[in-house]
Amino acid sequence: MVCGILTLPQTSHLCRRSASTIGSTRSPKLSHGTPRILCSNSSPDMPLTSVGATDKLENSAPMTGGAFDFKKATISLTDELMSSSKKVTLLRHGLSTWNEESRIQGSSNMSVLTETGIKQAERCKRALSNIHFDKCFSSPISRAKSTAEIVWQGREEPLVFIDSLGENLEAVDAKQIYPKEYITWREDPASFEVNGINPLRKVWGTAREAWKEILLTPGEHFLVVTHKSILRALICTALGLGPERFRATDVNNGGVTVLNFNKRGEAMLQSLNMTSHMYSDHVYRY
């Protein structure tokens, strides 16, 4: 169905009634220049005057979510056609020792799962137990690796560890060492730089590398276990958002996010940061 905007001739007033017409059963007339949406299947012979109304679609293949008539509604993360559509479930690792201390963990292996974090990973395992995954990709850093090992226990396929899923941010006490830069990190992370390096832009590039490796792997449903910063980057890059939107999403420890991809590697967000399983025995069946 093709829709356009029809501009009506110079007649009357849009929903404007004087005191004398209140209670009248007559329908109000449309005002001069008021646009009205016109669909081709309602009156095919009427002319469409809107810009782009008669434009032909550049590509007839439907985009994710059926948004086939939107240009650049999303972007391809593969730059090539995949053999099938994909579903990817993203999972943040359980609570770690440095999470409890509100410290930047980065690529450090010194931060490990707490007892609470282990229980969270076990809850994730139970919550995802009814879902078939072709593969599980994980960050090789200890807190994510341990979470993946718990969640994936009992499944036949071996875990796949990808370096690009690891945190690329340096594990330092930034608030103490770089107090001025730390304020920028909290308030305007896209502009945050240390020693001439913009970490977030680096993370965005790494996220794109990870997506390409994941999506071009044979299979239709994957589980990805990783960290908060890279998860934010994965979600944003999938949706075509830049580093300035880094804090536009948040993911809790054990939070589950699901994205669907069409054959062109274009994403549609199905769910963000689901945490029902953290507070109940909820089992997902998506």
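Quick reminder: no glycine exception, Cβ is built from N, Cα and C everywhere.
Summarising the annotation, TrEMBL assigns substrate binding site to ARG92, HIS93, GLY94, LEU95, SER96, THR97, TRP98, ASN99, ARG143. Summarising the annotation, TrEMBL assigns region 'Disordered' to 20-41.
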For substrate, whose listed binding residues are ARG92, HIS93, GLY94, LEU95, SER96, THR97, TRP98, ASN99, ARG143, the greatest C-alpha pairwise distance in Å: 15
Position of peak Cβ density within 10 Å, selected from the binding-site residues ARG92, ARG143: ARG143
Neighbourhood of GLY94 (substrate binding site) by C-beta distance under 8 A, where only residues 6 or more apart in the same chain count: LEU113, THR114, THR116, GLY117, ILE118, LYS119, GLN120, ALA121, CYS124, ARG143, SER146, THR147, ASN253, GLY254
